[in-house]
Amino acid sequence: MTNGEEEDIFHDIESGTAADDGSDADEEFSDPFDIGSTKNASHNMLKRWRQAALVLNASRRFRYTLDLKRDEQHEKRRRMIRAHAQVIRAALRFKLAGQQAKVLSSPVIPPSPSGPYGVKGISDMLRTNFEKGISGDDHEFAQRRDVFGSNTYPLKKGRTFWMFLWDAWQDTTLIILIVAAIASLGLGIKTEGLEEGWYDGGSITFAVLLVIIVTATSDYRQSLQFQNLNEEKRNIQVEVIRGGRREKVSIYDIVVGDVIPLKIGDQVPADGLVTISHSLAIDESSMTGESKIIQKDQRTPFLMSGCKVADGAGTMLVTGVGINTEWGLLMTSISEDNGEETPLQVRLNGVTTFIGIVGLTVAFSVLVILLARYFTGTSKDPDGTVQFVRGKTSLGHTIDGVIHIITAAVTIVVVAVPEGLPLAVTLTLAYSMKKMMADKALVRRLSACETMGSATTICSDKTGTLTLNQMTVVEAYVGKKKIDPPEDGSQLPASVSSLVDEGLAQNTSGSVFLNKVGEVEVSGSPTEKAILQWGVKLGMKFDTVKSESIVLHVAPFNSTKKRGGVAVRGRTGSQVHVHWKGAAEIILASCSQCIDVNGSVKPIENDMEFLKDAINNMAEKSLRCVAVAYKTFEANTVPTDQEQLAQWTLPEDDLVLLAIVGIKDPCRPGVREAVELCTHAGVKVRMVTGDNIQTAKAIAQECGILSSNADTGEPYVMEGKRFREMSEKDREQAANFIVVMARSSPTDKLLLVQTLRKQGEVVAVTGDGTNDAPALNEADIGLSMGIQGTEVAKENSDIIILDDNFASVVKVVRWGRSVYANIQKFIQFQLTVNVAALTINVVAAVTSGHVPLNTVQLLWVNLIMDTLGALALATEPPTDHLMDRSPVGRRESLVTNIMWRNLVIQATYQVAVLLVLNFEGLTLLKLKDDTIEHANMVINTVVFNTFVLCQIFNEFNARKPDELNVFAGVTKNHLFTGIVGSTFILQIIIINFLGKFTSTVKLNIPQWLICFVIGIISWPLAVIGKFIPVPKTPLGKVFIKPYQHCIAARKTQRNNT
């Protein structure tokens, strides 16, 4: 089976339908526009829909899609730079090997870290302290930027307005209209003189230029929004040590000489040297192309900007920034491509292609009919004279008549092919992304914004997302003794205090320091901060404790093992202490002894049940339980060589339990309401946490994920290990029911996501750790945390939740549904205009030989319908009504039966009224006493004016396709009211003052009232129509069959050739 076939089957599973439905047509037809997810889509799949699309202006249509050629060029460029780095590295190794073999009698000794060319020497040259960082003011940092450069690289300038103007010119139909207008202009001036002859050609030219300018302006504004969002995405916050204090700064503010702490998931922000390494491992694949993880220490200290910390922890000294780094060169050589198609965008290209085929057919039919009527002498001018008489009509008049017919047919194509429909997705996404920033959500991938509207389940972390991430120690046990209050250090003997202090101060990734105003400040993860703050309250002197012992080896906290350790040796003593800290029940299981409140060490067997009960009791109060333990070794039994220490595995068994603490992290205000809103909207919320099962259940009940009377046994609540060990079939059954997964590892989370997606769920996942990256990447929507999230997690996510708040996740769901709803509003509005305009012109052309809506008028209608209509309807803000619906299926018909009902009612009404006016206007408008020419001009003007007013009033109907009150919230959308108001004012100006350009005449007040009343009737008509029931089976499936056969035929023809 090929990869493409597997992909198609996967899409069938996703949509919840069988691959074989028994339809021969479906077996032969493979819809190129049916892409369930563009995330990680292959180039072949993306090429397929591009080739199938009917496109009039490729440069504009594909502007916000992935540039496949440029993407391939970028990849070649990356490979070239990576090869360059590898060649330099190989050359240096070769040179070093040659020196060792031929020149030197003794092996080359690498520079000593404390020597003139070691880390100490370089830090002295750079006038920085590799422990406390740079100590200086803003002038010092400015001076370093002047000397060494800033940590930025030149970016390709954004496209100018003139580039967008040039792109808008590329529309094939507009080019034909310009050519026809120029020809008409020349013939008009030649036959009627300059004063009168320039109107026809000049008015078409002006209308085309207006369309181009408005289109370019709209596109240019979108591009500026994307540029601003890209700037936000690049602006990473980095922790640095300056003057002995840790602080967060923008990655752009990093300077040479800065000291930067590194932990798992961080991005190396500049080139530099390792100063401290605790099992520090770096993923250099972004630079070298190799997936091999490289261990870094003072023997191999070089760090390259742009690489990721895969494991361990350490600090680095910055030696190169910006353009002076390999990463800077790479980023400068390739421009960032914002192109990325979304599933909705691809589907709308399919809709556009379908409508375009119909429009081309209609336009060709009109062209043939009008040409036939013209040359057979049945076409007449408004004054009743025959337009063409064989042997009498001059060549110039004949050419002019043919040009008018061609421009009429081409204009029908302009109106019929909704080029702006796929771009309306980009417009609404650009608008939504800007507004979502205010709702604390930064969109990294366009498609995630719309996919979120289809989400059926959200797998959320607990800490910081459902809770406040403001942790404090509220309970503490030493042995069987409960310390009350927990910060009362006087209840502990000195021997116990010293061990606890050492375990807390040395076994941490956090720090305690004095801030600028002299107050004690704690940095680190929320859990680390809570424990360090507890230690400070007990009387721990952080810097003093750290200075009294030497760190020999560190085993950084691991989210799989749920614990971290450190081995330290006193500066004067001969003993080594190995300290462990982690999940209470896991540490407890590794302990064989415990220390009591008197400082005595005793076997733990008799106290084990008491301690387990204490942990369970704290967990049931929704406390996170953390235990601290240690083990003593004689110094001579511990490796002393650096290489041996690096390979040493810290002992994990036979530990002595020091203390157990319960950490409170309260639920976020409003999270219960947010969970209830998700449930009401058909989105199931699941909690996936590393905490123990009792804590997880207590928090889930507090947040409303589990009701108070809900079943808390399997499969509703289970541990990750249990889920992992199930058979695939049992796992699929359990996944449907799981509400809480406790003690889960990143692998368990990934397994849950894969199982849910396999069953057709659209899965959103939150994550903050490096190990969450696979799950974030696998999910339909990966949501990383902006505050606690690592750079690796953010890079693999689709949306960054800037405030780590679950309520912000729910807002993203609203915006996702809003994107889909806004596009449907625009589709309904545009299809109504298309159907009405095409039907009126075709019927009139067949019956009377002329079209009531001429080229300039149709171009104005196209402007209202395409660019202005998209701006008005695609920027509607989300409403609470959106959360009353079920999630939108990814393959659900874009044009629903409700939309078909609304469309048919409005289009039928408009066509009927306008055709009556067109054929019976002489009587209805009481124009029998006028000249035939003037009467026909009035009728055409009334038809045109009524048609435009119908669209203006119908724009209100399109706002709320399934609600009776279409005016709700209209005053809050200033863009909508501004566009509708401007359109109405411009229409008045066109009718009253631009008659020469648009071939219209001034209307009197009664005629204006007729137009206005006909237009406003669309409002009560829409209300009445909404009481008409619609069938459940989508009508789109019936209408799409001829289109499918057409696409299949084109594919067969292409394969044969």
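One-based numbering along the chain as shown.
Heads up, the Cβ atoms here are built off N, Cα and C, so glycines get one too.
Lifted from TrEMBL, the feature list:
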- 1-36: region 'Disordered' (REGION)
- 21-31: compositional bias 'Acidic residues' (COMPBIAS)
- 115-189: domain 'Cation-transporting P-type ATPase N-terminal' (DOMAIN)
- 164-189: transmembrane segment (TRANSMEM)
- 201-220: transmembrane segment (TRANSMEM)
- 354-375: transmembrane segment (TRANSMEM)
- 402-431: transmembrane segment (TRANSMEM)
- 826-846: transmembrane segment (TRANSMEM)
- 898-917: transmembrane segment (TRANSMEM)
- 937-954: transmembrane segment (TRANSMEM)
- 975-995: transmembrane segment (TRANSMEM)
- 1007-1028: transmembrane segment (TRANSMEM)
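Residues 382, 829, 832-833, 836-837, 840, 852-854, 857, 860-861, 864-865, 906, 910, 913-914, 917-918, 921-922, 925, 927, 930, 980, 983-984, 987, 991, 995, 998-1001, 1003, 1007-1008, 1010-1012, 1014-1016, 1018-1019, 1022 of the same chain sit 6 or more residues outside the transmembrane segment (937-954) yet have a Cβ under 8 Å from a Cβ within it. Sequence-distant contacts of the transmembrane segment (898-917), counting only residues of its own chain at least 6 positions beyond either end whose CB sits under 8 Å from a CB of the stretch, comprise 824, 827-828, 831-832, 835-836, 839-840, 843-844, 852, 924-925, 939, 942-943, 946-947, 950, 954, 957, 961-962, 1014, 1017-1018, 1021-1022, 1025-1026, 1028, 1030, 1035-1036.
Broken down with DSSP, the domain 'Cation-transporting P-type ATPase N-terminal' (115-189) shows 45 helix, 3 strand, 27 coil. Listed by sequence, the residues of this chain that lie at least six past the ends of the transmembrane segment (201-220) yet keep a Cβ under 8 A from its Cβ atoms are 60, 63, 159, 161, 164-165, 167-169, 174, 177-178, 180-188, 407, 420, 423, 427, 855-856, 859-860, 862-863, 866-868, 870-871, 996-999. Within the chain, the transmembrane segment (354-375) has long-range Cβ neighbours (under 8 A, six or more residues past its boundaries) at 54, 56, 387-388, 401-402, 405-406, 408-410, 412-413, 415-418, 421, 831, 834, 838, 841-842, 845-846, 849-851, 1040, 1043, 1046. Distant neighbours of the transmembrane segment (826-846): 348, 351, 355, 358-359, 362, 365-366, 369-370, 373, 408, 412, 415-416, 418, 421, 424, 852-853, 858, 861, 864-866, 869-870, 873-874, 894-895, 899, 902-903, 906-907, 910-911, 914-915, 918, 943, 947, 950-951, 954-955, 958, 961; these residues of the same chain sit at least 6 beyond its ends, with a Cβ under 8 Å from one of its Cβ atoms. Listed as Cβ neighbours of the transmembrane segment (1007-1028) (distance under 8 Å, sequence separation of 6 or more from its ends, same chain) are residues 901-902, 905-906, 909-910, 913, 925, 938, 942, 945-946, 949-950, 952-954, 956-957, 962-964, 966.
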